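Novice: Reproduced below are the annotations present in TrEMBL:
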DOMAIN    5-43  domain 'Sphingolipid delta4-desaturase N-terminal'
TRANSMEM  68-87  transmembrane segment
TRANSMEM  107-124  transmembrane segment
TRANSMEM  187-204  transmembrane segment
TRANSMEM  210-231  transmembrane segment
Amino acid sequence: MGNRVIREDFEWVYTEQPHTQRRKEILAKYPEIKTLMGPDPHLKWIVSGMVFTQLLACYLVKDLPWKWIFFWAYAFGGCINHSLTLAIHDISHNVAFGNKQAKWNRWFAVFANLPIGVPYSASFKKYHIDHHRYLGGDSLDVDIPTDFEGWFFCTPLRKVLWLFLQPLFYSLRPLYVNPKAITRMEILNAFVQFSIDLIIYYLWGPKPVIYLIAGTILCLGFHPISGHFIAEHYMFLKGYETYSYYGPLNWLTFNVGYHMEHHDFPSIPGCRLPMVKKIAAEYYDNLPHHQSWIRVLWDFVFDDTLGPYSRVKRLCKLAKES
């Protein structure tokens with residue numbers, strides 16, 4: 001394989017993130033893109049259908065052998081749960097009911113959270129704002145792995161383990177990198193979530209609860225859909241810190257693959273991001289992008305130049321809170 005070139009630090013840059021300037025240029029040239037901003041009227045119905053599908057699945061799996069519980073959790077339920085986490089991502093940008101109905105969005109995210117099995121939506125919202133505002137920001141963007149992750153998970157076997165453990169790292173990393181006070185919404189999110197878990201347990205026993213939580217853990221870990229975690233911001237080419245994916249799995253993930261477009265215009269719902277690319281094609285067509293999340297995972301594991309250290313980092317000044 002030739003000489004192993006293993007990164008020993010992040011890619012430090014001393015420039016602003018690229019999305020702010022590109023947004024200004026695109027809006028100046030194509031002001032009609034502003035008409036794409038605003039709520040997605042179909043999102044609430046799609047998410048509701050997914051939530052009730054999982055509740056029906058809870059009833060259907062209650063008497064299955066354990067091996068089939070885990071099989072369906074990975075092959076079916078976990079895919080829905082992963083998709084719901086990405087719906088929550090969209091909802092965190094207020095695209096379910098619009099900016100004027102922020103509380104409706106917060107509570108709808110709690111509803112979308114129910115099949116995931118563990119409280120997630122309120123904490124995600126709290127930290128996701130920083131991911132956009134301080135992309136790659138040292139000690140601010142908790143999407144960036146820690147130095148320990150970069151140092152330790154540097155061989156193919158260790159990188160596979162790291163991919164399996166992604167849900168754990170995404171849950172614990174904020175507490176270490178940028179701890180914040182627990183909010184009232186997080187407490188309510190946990191209360192509602194654990195109440196529903198207990199009701200499902202009381203009605204149908206432990207198997208449906210395990211089905212939900214196992215599906216979440218398995219499909220947020222080593223799973224084809226989880227390729228988006230790596231595809232979005234890991235530096236496959238020097239000088240590029242955000243990448244889009246234009247493959248078919250966007251149909252299951254609310255177009256999260258249109259990630260350059262999303263960071264340029266976070267208030268545009270996922271269903272309209274392909275229109276951004278179509279209108280401003282000259283800004284996106286020549287940028288590097290991915291066509292397969294499975295290929296992304298393969299390259300990440302077996303390419304010695306890729307690993308948790310393959311991220312752009314920058315120092316950011318804290319913005320004044322409004």
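Heads up, the Cβ atoms here are built off N, Cα and C, so glycines get one too.
What's the neighbourhood like for these features in this structure?
Specialist: Confidence in the domain 'Sphingolipid delta4-desaturase N-terminal' (5-43), given as mean pLDDT, stands at 94.
Residues of the same chain lying 6 or more positions beyond the ends of the transmembrane segment (107-124) and with a Cβ under 8 Å from any Cβ of it are 44, 47-48, 50-51, 54-55, 77, 80-81, 84-85, 87-89, 91-92, 96-97, 174, 183, 185-186, 188-190, 192-194, 196-197, 209, 212-213, 215-216.
Through the fold, the transmembrane segment (187-204) approaches residues 58-59, 62, 110, 113-114, 116-123, 212 of its own chain, all at least 6 residues removed from its boundaries and within a Cβ separation under 8 Å.
For the transmembrane segment (210-231), same-chain residues at least 6 beyond its ends with a Cβ under 8 Å from one of its own Cβ atoms are 54, 57-58, 61, 69-70, 72-74, 76-83, 85-86, 115-118, 160, 163-167, 170, 197, 200, 243, 245, 249, 252-253, 256-257, 259, 290, 292-294, 296-297, 300.
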